[in-house]
Amino acid sequence: MSVEASILVLVGGFIGGVMRFFLSGYVGRRIGETFPWGTFVVNVSGAFVIGTAAGLGARLGAIFSTTIFHEFIMVGLLGGYTTVSSFCLQSVNLMLDGEQRQALFNIVASALLCVLAVAAGYGGIMWIMEWPG
């Protein structure tokens, strides 16, 4: 990765992360915290935006297909905003490529394994921290 690409990802990721922080907090304060609505809104909106950007790139090319657009918007901004958007785009691309089984596996396995990984990490720390001495 070039220095220019790294800077684009860095700046985009910074902006995306700040956007996620503010939108998620705003939604949580407005709707309530009984469900993670802030994260939900960020994930769905990020998935919509990355799908829109990918569609524009596929139909219009030009600026939507440039390295700058890809690294700043797709990887940096949307990656900082929500990584679920990348996961969703990859799943849709598998479907569009006729790889429905791989898409389904990606969706189910990612969701299941990520939840299990969080539980394992959390449980592991709880267990280690309870260790005497």
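Note: Cβ is positioned from N, Cα and C throughout, glycine not excepted.
Lifted from Swiss-Prot, the feature list:
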- GLY79, THR82: Na(+) binding site (BINDING)
- 7-27: transmembrane segment (TRANSMEM)
- 37-57: transmembrane segment (TRANSMEM)
- 60-80: transmembrane segment (TRANSMEM)
- 107-127: transmembrane segment (TRANSMEM)
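The local packing around GLY79 (Na(+) binding site), expressed as other Cβ atoms within 10 Å of its Cβ over all shown chains, amounts to 20. Under the DSSP three-state reduction, THR82 (Na(+) binding site) is assigned to coil, being neither helix nor strand.
The 10 Å shell around the Cβ of THR82 (Na(+) binding site) contains 26 further Cβ atoms across the protein chains shown.
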